[in-house]
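The Mg(2+) binding site annotation in TrEMBL covers Asp459, Glu468, Asp469. Here TrEMBL flags 40-150 as domain 'TRNA-binding'. The domain 'B5' annotation in TrEMBL covers 406-481. According to TrEMBL, the domain 'FDX-ACB' annotation covers 706-799.
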Amino acid sequence: MKFSESWFREWINPQIDTSTLCNQLTEIGFEANIYNPIFLNDFHNIITGKIINELKVKKKNKLKYFNVDIGRNKSIIAYSILDDIYIGKTVAIATKKSVLTKKLTIKKILIAKNIYSEGKICTFLDLGIDSSKKEIIEISSQYPLGTDIKKIFSHFFPIINVLATPNRSYGLSLFTLAKEIAVINNLSLPFIKIKNTKKNQKNKININIEKNLQHVVKYCGKKIKNINLKKETPFWLKERLRFSEILPKKNILDNIINYVYIELGQPVHIINSSLIKNELFIRHPKKKEIKKLHAEKKIILSKTSIVVSNAKNILSLGNNLNENTFHMQKRSTNIFIGSIFLKPYSSFHNLNKNDIFSQNNYRIYEYSTDYGLQTKLINYTSSLIVNLCDGIEQSINLSHNNTIHYERIKINIQLKNFNKLLGCHIQKNVIFKILQKIGYEILQNDKTITVIVPNWRYDIKIEEHVIEDFLRIYGYKKIDYLPIKYHTYKSQKNCKKFNLHRIKYLLIDKGYYEVITYGFVDPNMQNLFFTNNNYLTIKNPISKELSTMRQSMWIGLLSSIEYNQNRQNHSLRFFESGICFIKENTKELKVKEIHVLSGAINGLFYPTNWDGKNRTYNFYDLKGDVESILELCVNMKKIEFLPAKITGLHAGKSAYIYINKTIIGKIGELDPRISKQFNLKNSTVLFELFLDKIKEKKTKVIHAISQYPTIQRDISIMLPMFTLSSNIIKTCIKIIDNNLTKIHITDVYYGNHIQKNKKSLTIKFIFQHYKKTYTNREIDTIINNCIHILEKKYKASLRQI
């Protein structure tokens, strides 16, 4: 959020400069900096002037000409392209001495006989302040005519820009930030100043909260009679909004509500009270109920939305301002302002499904309201409306949801944990004093200390959060820097783990690129690979597309492939290592972290090839790379690739990877249906290794090199189609029982001269011995023995030529 420093200092005025103020906000957990718009350097010598009258001249164009008093008993004729100009209005005038944005200047132009135009009535577009609207710059009449408007705008500068992480959205209001600054500078806490206005205790409204509403805790509202909506929004209010990058509207109520939202950080809605008829209903929408927004847009409401209605029609969608009902005619005189208090975070996950947020009004549902501030919010808003638009306030209407029991969060703390986690001793009275200043209540007895968390701090859940909250006010700089303690000995446990660093370099040498992707992923994409929905959902996500914790690296890898493919990269190899997250109720925080290494290949095997012969990657290319990885870590004789149906992968082209009958990974070609969703042009092959399950480290065995020659033999056998080649090799190895003998599959053939549901497998034997050279008779005996066992165990037969 952005706001004027002078506006902020009306809430709290510490004796520090702007830079120090920003530093203090940053140190307590926000990101604050000074923001000065560039447009201030784009124009010069623009002054204030007062419209005297309109000149009646023959018009060759759509321009209007006015006599304008620019002070010091001097007037000029200035033109305007807009109609919303009236006599007595104070505006911004560009003269012959002025420079507009894009270095435009004003020239003296003859408009009638002996009558010259020497100025222009400026719009915000002319000065580069607002490129979206052509609106006359209206200046408050309190400033002397002829004043340079830069001096007027300087009252709103400097601008402070404050950013907050989603879990600290409570701070995005002037009131809350002022309280934080007051604590740091040992000043009295600010309070909401509500001006006295005319009040009437009559006409109470019945508010009915639907029984099955699980999110609405309380509804609060107030009626105001006899307001005057024809009044203009004051200059100071409009410009404060404008320099907060919220465009002022023609409707003064629009501007007041946005103004209050910046000050208090709480949303309200406004309803034409003639539509209420003394009864309001807070409820869920009916099936396929439609709501029309002010932008001629209709939406079918989600069943989890919350609406405010009369007996027949929806009047407001939650606390949303961006609606048709809100924009009343200027002849309307009676309004009702209301506020719904929702359970923390429920609003974002449920109401956001309608996607109706306005950039101009912030994303108001993303932030929870303060239970203790709701009544003050309504009173402050109504007093501001009455002071600016006249009117008579009526008494507040309150309704609680009796099915929900609301309680502030209570946390048991131990002072020894403060000292243990912070690494230094802090006195008890210092801890209590700071916690109480920032809104905590402390209950203490002989055994335990309990803190009651402030109404607005829904991010505080556990003792460590309380300690963190204390530390940001106490000051990080007050904690001594200590060297990290470490031990030089090697634990036996670490010796068993393989070297991930070495594996990364292996993959890089093979042409892979390491990528780093978000741990937050789209739940819809996650459902493509996991059907049990056993993923962690973020309470306050950055967006709906990043609202769950990943269970696999594949989503990030596929997004990287799509991104690079769209940039004409045709040979892609990526890998990523990191942590995935799975729900597990047996764990302390109900989450299990899994260390994973994943990879993906897509596109052409050779990036460029001079002879024009090329091919795309296939399953066996990636399988070979995975075997190279595993060969660094484990004994490959214990590794098995067994076909399996894996969600998200192509049926018949996927497998689990086993070591000693334990699944340590998976590999396969991406399901073509998912490939279409990512707009991938070629087939993609992926693997994922669960590093925590690969506990065995390959031991190096040193042995003598045989001095005797190798002898090779090939055999081709016929066997059932779905017999695994790995089982054939394992059986032959057991029969031979010689570490030096190597066995490979060199050919697999289906088709002509092969029986249906059969395949031909060619096996290469490479024989060698430490102590002798094998004779032909010995080799024939071994081969015949292998054929006999394979025939008996797998119904294999020697293929006839």
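From the backbone N, Cα and C atoms, a Cβ is placed for every residue, glycine too.
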Mean predicted confidence [pLDDT] for the domain 'FDX-ACB' (706-799)
88
Min neighbour Cβ count (10 Å) across binding-site residues Asp459, Glu468, Asp469 flags Glu468
Starting from the Cβ centroid of Asp459, Glu468, Asp469, which together make up the recorded Mg(2+) site, report each further residue of the same chain whose Cβ lies within 8 Å of that point, ordered by sequence.
Arg457, Ile460, His465, Val466, Arg472
How many of the residues that make up the domain 'B5' (406-481) does DSSP mark as helix, as strand and as coil?
33 helix, 12 strand, 31 coil
Residue counts (helix, strand, coil, in that order) that DSSP gives for the domain 'TRNA-binding' (40-150)
7 helix, 48 strand, 56 coil
Summarise the domain 'FDX-ACB' (706-799) by DSSP state, stating how many residues are helix, strand and coil.
31 helix, 30 strand, 33 coil
